[in-house]
Amino acid sequence: MTTNQHLKSVNKHNKISDETEPVRLQKQFWLLELNILFMLWFCCRESSPLQKVIMDGDTEALMDLVQQRPSSLTEPCDQGWVALHEAAFYGQLQCVQILLRGQVNICTLKNETSLLLAALRGNASCVEFLLKHGANVNTANKLRETPLFVACENPNEEVVELLLRYGAQVNLSSSQGESPLHEACRLGGPMICRRLLDAGANLKARNVYQIQPLFSAAQNGNAETLQLLVQRGADVNEQAGDGASPLYEASKNGHFSVVQALLTLKADANRATNSGLLPLHVAVRNNHKRIVSLLIPLTSRVRIRTCGISPLHIAADRNRDEILELLIESGFDVNAELSEEHSKMYEDRRSTALYFSVSNGNLEAAETLLEAGANPNLDIFNPLLIAVRLGWTDMAELLVRYGADVNAQISTQPSSFPSAILLGTESPPILKLLLDNGCDTLVLDGSAGLTVFALLQCWTMMFYVFQYCEAISSSCFCRISGPIISMLLDYVGHVRLCSRLLEILESRSDWVSIKLKAAPPHPLMQLCRLKIRFLLGVQRLKLIHTLPLPVRLIRFLRYDVLHNHRH
């Protein structure tokens with residue numbers, strides 16, 4: 001993999017993949033879309049005189065129409081609706097009474113009866129009248145939704161009570177396997193659920209996604225309903241087809257009171273989904289801090305490790321800074337690494353929470369992790385290289401201060417010089433930061449002692465495109481190539497420039513002095529400084545300021561006198 005591919009992956013894969021949402025949500029959105037389209041059709045359609053009379057509840061006009069043209073009462077519209085359907089839908093009881101005439105169970109093209117439409121709209125008086133006059137209480141539409149089902153889907157206690165009194169079957173399921181109890185738990189209150197349970201509703205009914213009613217209550221934040229179901233024998237730890245538990249779903253959706261109730265009822269905080277995520281993971285992902293606080297003491301650290309991903313990874317990825325601090329304070333390992341399975345989801349094979357924060361440009365989160373002991377050198381692709389390539393000086397300074405390896409290599413493209421030098425070419429301040437902190441400027445072949453400009457000649461061979469001298473003379477570098485060469489000369493001793501570099505320096509009159517800078521003899525002060533820094537070594541360069549030396553000398557050793565390179 002090339003360096004460019006590594007860097008593209010920072011932007012292309014800078015988010016931990018969300019767990020695929022259960023297909024059940026697709027069904028909910030589909031039904032919502034159907035309802036919207038249905039209502040738009042009703043609003044936009046051109047009403048016939050009969051429909052307008054029914055909508056207005058004008059019984060006198062309706063009687064006139066019935067007498068003038070009785071056949072119009074049974075003539076269906078495009079959707080198969082007859083006048084009785086209209087009257088039941090709009091809750092016009094007197095119109096229903098006029099229009100009934102023995103056709104109480106006639107269906108629309110979607111197999112909807114007048115009773116179902118009245119129940120859907122919560123028109124209790126129409127429901128009662130239709131039931132008294134022989135309406136079939138269990139006739140379902142094409143989605144196998146019964147009048148009781150739609151009465152629970154659009155909660156109406158009075159309608160539910162009427163339907164049950166007239167023999168509605170409580171366990172008939174829809175085409176998605178959902179029972180009226182599922183719908184009542186999702187949208188209704190505990191009163192409807194209690195009535196359904198009293199009538200024999202199955203607590204353990206599962207829909208096609210293996211969801212039970214208690215799961216629906218937890219998913220939608222109905223704490224009182226959930227407690228009722230548990231009292232009647234529901235299992236708080238039953239999992240859906242994707243492995244999600246009621247606690248996981250409540251944590252995902254931020255239902256604090258439901259999470260509290262479930263934990264009080266001994267829900268297991270360590271049950272993972274099929275993708276390996278725990279309730280704590282999803283609470284962090286969705287930024288539910290109060291729920292995170294509840295789950296932390298109940299979540300097993302061993303279970304976290306077996307999941308292959310720490311909540312810290314998710315907090316760093318999603319820039320959940322407050323939660324990140326909370327997790328660190330609670331003792332989560334700041335150096336926890338992604339499992340191989342999770343890491344290989346990213347081209348750059350990132351593994352630490354610090355990498356996510358750096359790739360997001362989140363300086364505050366990165367500093368929080370580093371202060372807590374995060375190692376900046378654990379990832380295959382060093383986070384410092386990201387900061388250098390993107391020109392984030394503050395981030396690069398932070399990482400270097402906490403020990404990031406300025407000589408880090410790109411593992412898939414090993415070279416005899418630090419990758420950071422190449423990546424920092426476009427930013428003189430960052431390049432100087434790297435050089436000040438011990439970035440290698442000499443490439444030794446054992447005895448020959450190749451100089452930095454042997455390095456410069458092959459700098460970009462790692463890309464298999466240009467020599468360094470070719471790259472630095474290109475249009476994108478032509479403005480800064482002279483100052484870059486000048487800066488590098490400050491960090492080396494005896495060097496010999498290649499012909500291409502000499503040509504670059506001779507192309508501008510104000511760069512001729514840089515060419516002379518490379519020619520011997522070199523100032524003794526520069527050679528002494530290089531020797532002292534070499535003897536100190538990279539790790540001790542940061543401690544130069546602690547030496548018992550005059551401030552002026554310390555500044556000289558740290559290159560603080562080179563103000564021209566800071567601008």
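Cβ atoms are placed via backbone N, Cα and C, with glycine included.
As annotated by TrEMBL, domain 'SOCS box' applies to 511-563.
Per TrEMBL, repeat 'ANK' is recorded for 79-111 (among others).
The annotation repeat 'ANK' is assigned in TrEMBL to 110-142 (among others). With a threshold of 8 Å between CB atoms, the same-chain residues lying at least 6 positions outside the repeat 'ANK' (110-142) that come near it are 79-80, 84-85, 87-93, 96-97, 100, 104, 148-151, 153-154, 156, 158-159, 162-163, 166-169, 172, 174.
Under DSSP, the residues of the repeat 'ANK' (143-175) split into helix, strand and coil as follows: 16 helix, 0 strand, 17 coil. The annotation repeat 'ANK' is assigned in TrEMBL to 143-175 (among others).
Taken from TrEMBL, the feature repeat 'ANK' applies to 176-208 (among others). Among residues of the same chain six or more beyond the repeat 'ANK' (176-208), those with a C-beta under 8 A of the stretch's C-beta atoms are 24, 27, 143, 146, 148-149, 151-155, 157, 160-161, 164, 170, 214, 216-217, 219-220, 222, 224-226, 228-229, 232-235, 238.
The repeat 'ANK' annotation in TrEMBL covers 209-241 (among others). Listed as Cβ neighbours of the repeat 'ANK' (209-241) (distance under 8 Å, sequence separation of 6 or more from its ends, same chain) are residues 22-24, 176-177, 179, 181-190, 193-194, 197, 201, 203, 247, 249-250, 253, 255, 257-258, 260-262, 265-268, 271, 273.
Per TrEMBL, the feature repeat 'ANK' maps to 242-274 (among others). Non-local neighbours of the repeat 'ANK' (242-274) in the same chain are 19-20, 22, 209, 214-215, 217-223, 226-227, 230, 236, 280, 282-283, 285-286, 288, 290-291, 294-295, 298-300, 303, 307; each lies 6+ residues outside the stretch with a CB under 8 Å from one of its CB atoms.
For 275-307 (among others), the entry in TrEMBL reads repeat 'ANK'. For the repeat 'ANK' (275-307), the list of distant contacts is 16, 18-20, 242-243, 245, 247-248, 251-254, 256, 259-260, 263, 269, 314-315, 318, 320, 322-323, 326-327, 330, 332, 336, 339: same-chain residues at least six beyond its ends, Cβ to Cβ under 8 Å.
Look at TrEMBL and you will find 307-339 (among others) tagged as repeat 'ANK'. Secondary structure of the repeat 'ANK' (307-339) per DSSP (helix as H, G, I; strand as E, B; remaining residues coil): 17 helix, 0 strand, 16 coil.
Averaged across the repeat 'ANK' (349-377), pLDDT for the predicted model comes to 97. For 349-377 (among others), the entry in TrEMBL reads repeat 'ANK'.
Feature annotation from TrEMBL assigns repeat 'ANK' to 379-411 (among others). Across the repeat 'ANK' (379-411), DSSP classifies residues as 16 helix, 0 strand, 17 coil.
Cβ atoms under 8 Å from those of the repeat 'ANK' (143-175) belong to residues 113, 115-116, 118-124, 127-128, 131, 137, 181, 183-184, 187-189, 191-192, 195-196, 199-202, 205, 207 of the same chain, restricted to positions at least 6 beyond its ends.
Under DSSP, the residues of the repeat 'ANK' (209-241) split into helix, strand and coil as follows: 16 helix, 0 strand, 17 coil.
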